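K.L.:
There's a structure below that I have some questions on.
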Amino acid sequence: MALVKFPHKVGFYSTLKARVDEEFNHSHGSQKGNWPMIGKAAIILGGYIASYVALVFFCSNLWLAIALGFVLSQFYVMVGFGIQHDGTHESFSRHKWVNRLAGMGLDFLGASSTMWKYRHNFVHHTYTNIAHVDDDLETLNILRLSPHHDWKPWHRFQHLYCFLVYGILAVFWIYVSDFQKLQSGKLGKYNIPDFSVADKVVLFGGRILFISYSMILPSFFHPFWQVVVANALILMVVGINLSLVFNLAHVTGDNEYPQPENGEIENEWAIHQVVTAANFAAHNPWVSWYTGGLNCQIEHHLFPTICHIHYPRLCKIVEQTCGEFGVPYVSYPTVMEALACHLQFLKDLGQPDSVASVPMAVPVDVVGR
């Protein structure tokens with residue numbers, strides 16, 4: 001049973017999908033990953049393994065360790081953004097077994113790919129920015145990420161302490177969150193389907209593998225306290241990176257936060273996806289490469305089963321169609337402008353009288369307003 005329904009259709013998605021399909025038909029290309037995607041995955045995995053080996057087996061200098069730890073954290077993030085994310089969306093390849101293997105990259109990083117599918121693919125991608133349903137907005141009231149969340153006095157300072165909270169995300173995710181959700185069987189209001197025996201084997205096996213290579217093995221070569229500190233710092237950087245990419249795309253004053261009436265959302269599902277997302281640095285090839293196309297968040301939410309390497313070519317089609325239908329299309333020219341808007345929005349939500357309509361912090365490209 002759907003938590004929230006999107007019964008209204010105005011022809012936006014059917015028109016948009018037809019145009020996107022025509023784009024691929026014209027180029028005779030697959031919507032899935034291709035050889036450049038395979039090459040990208042090889043570079044990322046190679047970088048992750050090389051930086052890990054250098055840090056654990058060959059590093060005895062503090063400053064070199066700090067540099068290698070940072071590099072390792074970035075390749076960790078890119079495995080998530082550029083490999084597992086497409087794998088779990090089944091967009092990495094036309095072959096299911098390849099997608100499954102790519103998706104299990106998340107288990108290799110210490111989190112559950114199965115839990116991710118339920119939390120991200122189903123809940124977040126369907127009920128985006130709907131308070132108390134989209135689990136990505138829930139922070140146990142530590143942060144207020146939606147105008148529909150209760151205000152607490154400490155939220156006045158959330159734009160100052162948010163990075164500390166973001167830094168805790170990866171540690172909490174790996175060591176607490178997945179197990180908590182598995183035990184409760186719930187993601188907010190969503191009942192998680194029972195994990196199969198194979199799913200549980202992958203979850204626990206992946207966690208054991210991650211702890212073995214991140215904590216136990218390095219302890220044979222370095223003092224245990226140094227290993228713990230290094231892991232904490234690396235995962236803190238990872239958490240900040242992951243949180244920022246999500247929040248720059250969904251938690252700004254230019255995003256919308258619709259609430260259902262009688263269990264229904266007013267907009268067509270595809271329009272809901274557009275108005276609750278925002279692009280940033282969409283035409284910057286390095287940012288696109290690093291984030292796995294998540295800087296083109298609107299295109300990703302509309303077409304999650306299309307490989308991210310194709311998103312830049314879809315931006316113009318989506319933006320044009322949004323203009324024709326009068327749908328707001330928010331695109332921040334740079335990462336820094338998106339970050340400024342996000343922090344301003346957190347500051348605004350930190351006020352007890354804040355409402356859903358918050359002025360823009362910086363100029364953005366908004367089509368259809």
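Any Cβ shown, glycine's included, is placed from N, Cα and C.
Pulled these features from TrEMBL for this protein:
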type: DOMAIN; residues: 62-332; note: domain 'Fatty acid desaturase'
type: TRANSMEM; residues: 37-58; note: transmembrane segment
type: TRANSMEM; residues: 64-85; note: transmembrane segment
type: TRANSMEM; residues: 157-176; note: transmembrane segment
type: TRANSMEM; residues: 197-216; note: transmembrane segment
type: TRANSMEM; residues: 228-249; note: transmembrane segment
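Help me see these features in their spatial surroundings.
P.N.:
Sequence-distant contacts of the transmembrane segment (37-58) (same chain, at least 6 residues past either end, Cβ-Cβ under 8 Å): 65, 68-69, 71-72, 75-76, 78-79, 82-83, 86, 92-93, 102, 213, 217-218, 221-222, 230, 289, 307, 309.
Sequence-distant contacts of the transmembrane segment (64-85) (same chain, at least 6 residues past either end, Cβ-Cβ under 8 Å): 40-41, 44-45, 47-48, 51-52, 54-55, 92, 102-106, 108-109, 113, 116, 230, 233-235, 237-238, 241-242, 245, 289-292, 294, 308.
Distant neighbours of the transmembrane segment (197-216): 52, 104, 106-115, 174, 178, 182, 227-228, 231; these residues of the same chain sit at least 6 beyond its ends, with a Cβ under 8 Å from one of its Cβ atoms.
Within its own chain, the transmembrane segment (228-249) is flanked in space by residues 55, 65, 69-70, 72-74, 76-77, 80-81, 136, 145, 163, 165-171, 173-174, 214-215, 218, 222, 277-280, 291, 294-295, 297, 332, 335, 338-339, 342, which lie at least six positions past its ends and keep a Cβ under 8 Å from the stretch.
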